[in-house]
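What follows is a set of notes on a single structure, which appears directly below.
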């Protein structure tokens, strides 16, 4: 058995292990991997996500157990300090010695810190590892305590620099980007696209300083500012250096491998260094006189090295490496491919620019106008995948190349993704071709997108190619005559919309009836709540009617929380309540020892109610005039309002009164997903109405009605449906829109996603709701009026009936409570103890 | 905290030493569940009336160790009767206790019998 030692456990070092495992030669080789950081390899490309959740685990490439399962020895927190080539051994910083047959150097790179005077001062960081980020977070938190308006600078306006800029902005610091070159992302963008990107970034709060050379860092011990020229100083209290990378090549240097003039370990197209038994891959390797600072070429290098070592010597590193990139930078699409800056002698450029929308697109076309040589996209890179494929495969382009980048035309300029040649590389990170993706469906080994992703690994790395993979899978399925159908679950071969129609036509009223009439088996946690939701939308059945088919929150008319206790939210329509109401709420919260909080929807939420107490709590709330706020249901939650013309000196209309009217009209309305509304009394939008499923804003002459906002995990602004309409028209359009959504959306599909999928989008919705193109508005309005009239408070129902009340006992044979519950103190209130696992 | 999980061990019908009279049939919802207290154990009992069968299992969700399984939803997966945990919809076979949609440890299941309109759960001690 031969020993392979991998030095470095970054993304590329990990990829070497993964490709090695895939080669299934574990019996012949022993692999030992060294990482100097304290944790296994993580996704450095998405490092900035660490700021959002501070969850290092989420970035892991594979857990430590993965190495164990695959018989790879992973040694973390231990640096390899020396290589003895004559004895084929390595020595670690802990003075341990290991023998190798093959050595793979994947030591990557470190952040380059330019030799500026004072750069060693406290408060200067680099942006490279999770530890760097943790250090930065701690320092920033400390700064903010002393000075809430502290400023941060980032040295470097490249890819990583801009990411770092976003990171310091998220920390609540005032962000400044300092770039030496006269443009941002100098390697990827031309001057005009840089300008467009700059305008966009400035609009979201980044301060950009171009053509700035830093003379020195000011401050005694800690940084207080940066000096660029004599009278040119910027006061900052923290500095993040992101001025490029330097290969971590010191091991290569000390053991005498051939090195590049400016660093990097020289490798050939087999990834071999000047020593037969030593390979170098990733950002430490100098290939073609270049250090490739992207993850895709590093992954390819890892694959070549694995193949060389296990004896499959045919695969070599190609002479030309594609450096195209697409990324979402601070929410802005930026992409560049092929030759972004093309000399005039080689072809022509076609440029589309729209500064008001922060859009810039440039493509470079060969002199004969037949092929695409490269390009730049800023603001909207949705065409990147296709353009990139056209470039890579040398495909023919339309006679009028401008069509490739002009705002979308009917059907698009491209045709079908299936037109690509089979060899077209769709996923560059994992090197998966169109042929492999479509083949996996055609040969029957995969049935759907999830299967293709699992078997080919396409789009499992950066995910940039996912839309294209999805298209290919769907198109291939269609070409095979298979319909891409959204069935509910194994019990119903129908979509939600179809089942809605069946239940309505056959007037079915219980889950068992529906199952017997249209399904098979005995139902499950997916179809039962769905059928219940359809009953509610059709007949306004409350969850009390058939509680065993309700999702857990509906079943108990309260939201189940982390430890199995419940939260209780009474309706506070429009967020308006009297001081007397507040006193009652306070008394109830205090009596039942409930944690109390104002929710994001302007209501009051009680937490920690035990099952046995729910009926008593509701009784007291109902006695005080409250009713259920339906916080548990896939139903209308709240209609938030600002104070409107009632109190506000800017208010144009009575937003509170109208919000209360709308909330009371739609309360209890069951829908495919929860829905929220907002009413703002003027365009200052204090109710955030455009972030809601429906929102109205008072303007001169009436209300503007917006729909389809609140995308959940994918935030979305609502779109304008109608302008300057009166109260009555608002209600009419809302009735129609809401019922149309309820009848046609997929399960758990928010209005934003529904509107996206609606063919024709908002224009089509206007036709249906306003112009009545389908001749259904009368029915839609009637159905809504029926639901409005049939409303009943389900808390009141539940406590009125002894039989219904029975479900609110923890035990069926005892009045005891759940003795497994443990609460711990939290800021003068309580919370459940942390999860045990 | 694993000691809590250790309290629950599957009992086979042949091992039953005690048939505990839990409650009358009418105390349990049709096609739903309720929780029974037996000594220091919490047992979830289900009346799967579509199958005309009764099932019992631990009330403790092995995922987050909360006493909630009796409040979950009944169903079947390819004919296997199952219960879905109300917290995150992990599903378990009511026949074997096996976790059907992840790799959690199986839950303990207990024999159950109906006599004279009363529900009995079988324990081995």
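Just so you know, glycine gets a Cβ as well, placed from its N, Cα and C.
Where the annotation comes from TrEMBL, it is an automatic prediction and has not been curated.
What TrEMBL records for A:3-296 is domain 'FAD/NAD(P)-binding'.
Under the heading domain 'NADH-rubredoxin oxidoreductase C-terminal', TrEMBL lists A:324-389.
For A:426-475, the entry in TrEMBL reads domain 'BFD-like [2Fe-2S]-binding'. Confidence in the domain 'BFD-like [2Fe-2S]-binding' (A:426-475), given as mean pLDDT, stands at 81.
Neighbour density for residue A:648 ([4Fe-4S] cluster binding site): within 10 A of its CB lie 16 other CB atoms from the protein chains shown. Feature annotation from TrEMBL assigns [4Fe-4S] cluster binding site to A:642, A:648, A:682, A:686.
The siroheme binding site annotation in TrEMBL covers A:686. All protein chains included, residue A:686 ([4Fe-4S] cluster binding site) registers 18 other Cβ atoms within 10 Å of its own Cβ. Under DSSP, residue A:686 ([4Fe-4S] cluster binding site) is assigned to coil, being neither helix nor strand in the three-state scheme.
The Cβ of residue A:642 ([4Fe-4S] cluster binding site) lies under 8 Å from the Cβ of A:648, A:651, A:655, A:656, A:679, A:680, A:681, A:684, A:685, A:686, A:687, each of these being in the same chain and 6 or more residues away along the sequence.
Broken down with DSSP, the domain 'BFD-like [2Fe-2S]-binding' (A:426-475) shows 27 helix, 4 strand, 19 coil.
When other Cβ atoms within 10 Å of the Cβ of residue A:682 ([4Fe-4S] cluster binding site) are tallied across all protein chains shown, the result is 19. Taking the centroid of the Cβ atoms of A:642, A:648, A:682, A:686 as the [4Fe-4S] cluster site, the other same-chain residues with Cβ within 8 Å of it are A:643, A:644, A:650, A:651, A:655, A:680, A:681, A:684, A:685, A:687. Reduced to three states, the DSSP call for residue A:642 ([4Fe-4S] cluster binding site) is coil.
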